[in-house]
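See structure below.
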Amino acid sequence: MNLRLLTLALAAVAAASPVDIQERQLSGGNELRDGSCKPITFIFARASTEPGLLGISTGPAVCNGLKMAKAGQVACQGVGPKYTADLASNALPENTSPAAIQEAQDLFQQAVTKCPDTQIVAGGYSQGTAVMDDSIKRLPDNVKEKIKGVVLFGYTRNAQEHGQIANFPKDKVKVYCAVGDMVCDGTLIVGPAHFTYLGNTGEATQFLLGKLSASSSSSSSSGSSDTSSASTSAAADSSSSSSSSSSPFGNLGNLFGGL
């Protein structure tokens, strides 16, 4: 791979994808570390050479979409500064650096420890997809369970991982690979198709919102079921107690199957 050409290409897409001042301010990027707990935590790893913690393209777009849909309920956290989003790390065995993988794992762990009631959604773009893949598959089960959905744009490990994240539910992952994006075919060849994913951020946001909604509905149903079971159990205990008190043999009748 020609790293110089890749650098020029990524610089060009950065210049072609401006984010206005209001959007930059809305995006934040270090809100898990520095802010208060929110019902939803979005953790994102940017593409190579993108500045900031969320980057300047797909990361802020999804963050802002979540915040507009769930006003006041979302904390957005980018992976960095140990994840430097340098070009050379793409050529490493895991397609990113060990430091980046560990930092992402630490952020997921921090979200669960600091904010035990938060629901986590995540995403990555280009090298950032490798950061997500390599970190999530190594997490303990109790942390994975808190992650409700993951969106991956230009998945650099798509071929190696067969379009999913190892050791993680496939239905929680949405991969966006544009036609002609050779990065998704297991190469490090970057062409124009790799810079088209802003057009997928609206759909990706809806995917994450759907996973959050499904999780909330499941929790509500579980709570209702538990309440109903408790009520039924209490009623049965009350009935049993009433029957026992009216019998001269108390609970002895139960020893014979109610005969």
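Glycine is no exception: its Cβ is also placed from the backbone N, Cα and C atoms.
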From C115, C177, partner that Swiss-Prot gives for the disulfide involving C184: C177
Alpha-carbon spacing, C184 (disulfide bond) to C63 (disulfide bond), which is rounded to whole Å: 24
Disulfide-bonded residues compared (C115, C184) - the one with the fewest other Cβ atoms within 10 Å: C115
